[in-house]
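Taken verbatim from TrEMBL:
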{"type": "REPEAT", "residues": "99-140", "note": "repeat 'WD'"}
{"type": "REPEAT", "residues": "185-220", "note": "repeat 'WD'"}
{"type": "REPEAT", "residues": "317-358", "note": "repeat 'WD'"}
């Protein structure tokens, strides 16, 4: 079963183009327009399904209701100024700082929703918290008993959920403030391969090699929903938090309405099976129009989220060891990025499919983790080292 654009639109609303910010001492002209209303109140509440503006983090409403907000100061002498992400800006990115806090491979990292911090997990059982504005590590915590694999911020900047890679496959809810567990989420009996936090509430989903997807609520240790599948899943929420997608057996993508997922998928996209690789990740673009499938091979795919058609297949990067390399969209949904085993980062235009940049991160191992900051003009990449990148030109 394939979903038409109209059917998909009934389950979720796709917002327009988004803007994001770059920490710069002086203002940068020619950037995206900041579409930010004033503070919300009980008399003027923000709509539940509205998007998040990348300039100040406030909730965006319809354009005719939009008002400008003055840039606020971020850290010592840094102001937020908009800057447009273009091919030339992407090609100008260089490594600004390298951190060698880990002795083994970084498994995963995640930016906080305000873009001000990033937390990483590693095979050395450490969780390292970085300050993105100051450009330095803030704190290191350890999970020596349980290990730490996938990690995600919740909606509070001082709490995370993470999957374990020792003893059992329980997901743990940790307070970074006092380094204490708030709750455990037992249920999976094999390694967790996907972990996605809802963008709108305390719900999250997890996919596992035990061929199940589980729906959770941070407020309860009990599984809120269980799906038994015919193969190994990768899964993710869409940017509205109304639906989630499940990639199954590296050949099928199913879309579920969160409110009625027990009735089955409302759309199923069957893709040509590639025997040379397996799907290792699934992500929506921030505008909700595209789905990105990353693999442990040397190719990744971009799908139309409404029709399921493969828009582009990107390759040409090195991955001879079949590592699970993380691919990501930029916050404006215009570009797709992935690292490689030779320390280079490849960037394509998501619409045209043209390669626009090849960046040398000089990593000592495969770049297994790569994400763009949701608020600032910077991104991070990691092997066993963590690298922060900044552009070297203004556009």
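Using N, Cα and C of the backbone, Cβ positions are placed for all residues, glycine too.
Within the chain carrying the repeat 'WD' (185-220), a Cβ under 8 angstroms from the stretch's Cβ atoms is held by residues 48-49, 52, 149-155, 161-163, 165, 168-173, 226-237, 239-241, 244, 246, 258, 261, 280-282, all 6 or more beyond its ends.
Counting residues of the repeat 'WD' (99-140) by DSSP class, helix then strand then coil, yields 0 helix, 24 strand, 18 coil. Residues 17-20, 32, 54, 85, 87, 90-91, 93, 108, 277, 280-281, 283, 285-287, 289-290, 292, 294, 296-298, 300, 302, 311, 364-375, 379, 381, 383 of the same chain lie 6 or more positions beyond the ends of the repeat 'WD' (317-358) yet place their CB under 8 Å from a CB of it. Mean pLDDT for the repeat 'WD' (99-140) in this predicted model: 95.
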